[in-house]
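> Mind looking over this structure? Questions follow.
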């Protein structure tokens, strides 16, 4: 076995058996499963009593039929006096009472409560009342039930036609919704993997340097071999973690709840284009490589392992910025901020998949962003390789800038 | 000639770490590099190991430039100890052996031999981080020569070892020498250098103060250290010809003579033709010579 592969094997076997590595995979599985099965978990653990609502219709119209009871809200239609019903609300027999009356041919509703309603309950009641209000006004026009229904159910069919041939064909809303969901998942995975493996490689190089075992290693292998072995070993660990995660998660989805969530995953994948998946994978892998290079370089600068968290802070900040920009684009993925950060190599991995998945974007933009990312990876690799040779055996105190100055001073 | 360092200088922006250093080491020889902290020992080692480049001068191994040789013939124990904390003793030794180009199957015998020799049998499967400092040091030491290097560099190998382990190490170094390994080592403990080295180089702030055989260095000073046990008072001894200095010990005096030729007349005076318990004329110890050369400060 060559020295390069010996170093890779040593790093890989040591880390892959570490409890923290296995634990982190389990943690990912638990978090992703909790998100996917949230509605089931919520139902099982926090089964709420439906909201008790008394509805008093003071108009002549048949409005009661519009308010159907379900798991969340149970409507009753008492005929007592208003004061009596209000007392029942105060006593807690009802959570709310709705008094509906006519006000100049429009519907007016008053919601009386003793304990304030939650925002969601309030929203749900309001939307039902709005619908009832529209129906009431349509009824005033003396239309037939079918005519009224037609007006209320009317929906404009909107399709997109993109006249720019350079740009990809317009996406449907479903595609965009799937794109946003998948982009968030990709962005989140890139962010968390980048942070995990950045930390791993920085700490690993720093601990070897701090414990001086690096001097022994570098007496028999070239610094460039060591640098490449660290990158390769950690990258293989990242692939192992991603692979294991996908496998375990996939199996869980397939076998729990008759594969209901597996169908959701397949549906989402079907909504996504091959281009999106391809780009997402390439951006994921390249961004991990980019941050590994930075991590190894930062690790080589510190004198002892305790300084590694301070050293990796600048790279962590870049990752966090990317993640926050991604979050900002969850509801409007077309902002200028998103566009700018989708071309910056340290954040493009998190932001560009969102633009590809959730917006109508020309094929040129992702390609350009990818080229910038590849160019940065290559450039940073060459710079880091040359700097690593000099920094890895230089011990100095002070902040990162001071350490870089010292390395330049003692090696030039 | 095996290793030859020719007028090597290592200059940084604002100071010179090694200045015009030259020495040679013959095959199978133990060579000591001694000097205070910051004298340039580790820098010299790093230049030999190609971890740092020389500013001027050349380092040759068997007439070939050191940068062009196969590094597997080298073994190195750095001054500050470092091993992989989460690896077991055994796998650590195999890893370093394989890294130095040996096949795993060829290492079994060596690993077993040295583990037993350094009394680490019960620690074979223990993780390095669970070992005592002394045992960690032994593991790292074995790791530095498990691949049977032609040339072994040991930076402060004795520091932190107890007397029993020091003897183990000393014997191991002599055994390696017998097998033909060329050894270069640095030490603050002059007694070890004195016992082991054939030749040495004395460094002060990057400059060589002496390079050559230990005996030649001692001969430079001559046999000027005289230890006697007598009832004669210090005042009387001080007045004798050729006595530079007197140190009073528990039950003896240590005189420093200007020249060893004065010893005969002092012997005649002290013994007065009768039996005398102790009269010993010696070379200065390396420790004393070192202090004299570098200015009496701590080693």
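Any Cβ shown, glycine's included, is placed from N, Cα and C.
These figures come from a predicted structure and were not determined experimentally.
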> TrEMBL lists transmembrane segment for one of the ranges A:151-176, A:177-202; which is that range?
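Within the set A:151-176, A:177-202, TrEMBL attaches transmembrane segment to A:177-202.
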> Looking at A:21-39, A:40-58, which one is transmembrane segment according to TrEMBL?
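The range carrying the transmembrane segment annotation in TrEMBL is A:21-39.
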> Counting only CB pairs under 8 A, let me know which of A:177-202, A:235-256, A:276-299, A:368-388 has the most with the transmembrane segment (A:21-39).
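Checked against A:177-202, A:235-256, A:276-299, A:368-388; highest Cβ contact count belongs to A:235-256.
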> Counting only CB pairs under 8 A, let me know which of A:235-256, A:276-299, A:311-331, A:337-356, A:368-388 has the most with the transmembrane segment (A:177-202).
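The stretch I would name here is A:276-299.
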